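Database features, via TrEMBL:
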- Glu185: active site, proton donor (ACT_SITE)
- Asp318: active site (ACT_SITE)
- Glu428: active site, proton donor (ACT_SITE)
- Glu450: active site (ACT_SITE)
- Thr534: Ca(2+) binding site (BINDING)
- Cys382-Cys414: disulfide bond (DISULFID)
Amino acid sequence: MGRRSQSSSSSSTAWRHLSPWYYLKRPARLALLVVGFVAATFASWDRLSLVRDYEAEISRLDEEVNRLYDQLRMAGIYLDDNPNIENIIKKHHLEVDPVNSVRREKVKEAMLHAWNSYVKYAWGQDELQPQSKNGVNTFGGLGATLVDSLDTLYIMGLKEEFKKARDWVAESLEFDKDYEASVFETTIRVVGGLLSAYDLSADKIFLEKARDITDRLLPAWDTSSGIPYNRINLAEGKASNPGWNGGNSILADSGTEQLEFIALSQRTGDQKYQQKVENVIRQFQKIFPSDGLLPININPHSGAVKSYSKITFGAMGDSFYECLLKVWIQGNKTESVKHYRQMWETSMEGLLGLTRKTSSNFYYVCEKNGDSLSEKMDELACFVPGMLALGASGYSPEKAEKIMNLAEELAWTCYNFYQSTPTKLAGENYYFHGGQDMVVGTSWNILRPETIESLMYLWRLTGNKTYQDWGWDIFQAFEKNSRIESGYVGLKDVNTGTKDDMMQSFFLAETLKYLYLLFSPPSFISFDEWVFNTEAHPLKIVTRHGNEGSSGDAEVQSTGLLLMPSDLYRHDKGDPP
């Protein structure tokens, strides 16, 4: 009884201290309570502030760690969860190359400048006119620059830019357009760009879009011979050839879709894409000449060539020969794709027959009209040195050395296409009259990538850093003459430096990508695992054991799932996955 009364009295006292009237009658205690409350509030606020500052600092450090990880991966280092730096350096034989690290970052900054200009002034349109600061739909409104840039953004680690582009593809890229599209350009830029983005990121939206646009292109192959028409209305599916070419199909436009269509069959398991393009090769085999050089005009109905039309490794012929070699590489050089290699080697014998040398030892590749040679070489033909270097390893040692020597000689000529003009940028084509030194013909420069492409191949395959120095010279010339506040422009005349008003989509897809790879380790986007289409879009190499369209699908899926920066490097046996 006594304990219950004492407890009740204590409870009453406690409640009294919670009553406001208690403190109003006792000012000193009220003041003490207010001071205590204010002090507690400040202490709490200070603690919250410290927590926020701490979280901000953690976020900043996390970003810094990610940046350092990216730099290490670019240097060819793969960090484990508990890395031992000494072991990493010893394992990877790390050689710090500060010169090329700086160069690579400069190229990345150039890509950001080009991309941000496109985003600001031409978002979702095909190409940017930098001086006018507006966009133009040169390819029917397919977002050509955006799609062409996807893999470049990914490779350079520009994650936010890639995501923004990916979201546009998912939400806004539509192909139901009443537009007569180039089958060739749409394939190499749009289909190739989407498939490369899929192989790099494993995001299925890219594969879905690639299949959609390719299905719209397929009616172009519905000809008597199976050799495709070169233009098609994307909405109606009506295919045709341009009247200016007499209704003929063009060699490069008809024989360069193999890489993309075969890749699409492998990724989807649907054989129809591969069947269409491999039938074209079978038709070409029927008319393939002993020197392997096909005229650029072919009748899509009969499959016959126009015998006296031009033979060239420049415009309208170039990428056909490149594609023969690269389909062999794409199939991992197996017996199933051996005929592509055989056709390519035959064509290279024909190329040797077109090669001449000036009195000052510049090698060049002529064009042929009927039985007559034209001593003219397009800058477009400057892909040849890289192609020869890439294919040299498939020859006997003696022949490989001969092919590689020619590749290096032609690269020297192409580099001098640039060095021979006041702006240090190459013209569109050059003439070698009577074996004399080069004279620029068509004098514009539209930011083409072919010479840079060859320098990248030659550096990787020879280890000669001279090719990196040449590439840096060309990049600096672009920076000096083509960069403006709102993007990059070509030149109307490489002699005067007069600017045009177009930033070609291939400048972002090819020129800047090849420059970036030129200054990156050879194991980054390794030639052992990737093959580039003619628009510089890397596709995963998949071993082919037969003609089935789905044979390599499982292999692609197992190696192409959401590639992280370190996954873009070649993985030698024993290296971390």
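Numbering starts at 1 and runs along the chain as displayed.
Keep in mind that glycine also has a Cβ here, set from the backbone N, Cα and C atoms.
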How many Å lie between the Cα of Glu185 (active site, proton donor) and the Cα of Thr534 (Ca(2+) binding site)?
10
Given the recorded positions Asp318, Glu428, Glu450, Thr534, which one's Cα is the least distant from that of Cys414 (disulfide bond)?
Glu450
Looking at the recorded positions Asp318, Cys382, Glu428, Thr534, whose Cα is closest in space to that of Glu450 (active site)?
Cys382
Spatially, which candidate from the recorded positions Asp318, Cys382, Glu428 is nearest to Thr534 (Ca(2+) binding site), comparing Cα atoms?
Asp318
Provide, as an integer number of angstrom, the distance between the C-alpha atoms of Cys382 (disulfide bond) and Glu428 (active site, proton donor).
11
Restricting to the same chain and to sequence separations of six or more, state which residues have a Cβ under 8 Å from that of Asp318 (active site).
Ala252, Thr312, Asp378, Leu380, Ala381, Phe383, Thr534
Other C-beta atoms that fall within 10 angstroms of the C-beta of Glu450 (active site):
24
With Cβ-Cβ distance below 8 Å and at least 6 positions apart along the chain, what are the contacts of Glu428 (active site, proton donor)? List them in sequence order.
Asp378, Glu379, Gly441, Thr442, Ser443, Trp444, Asn445, Ile446
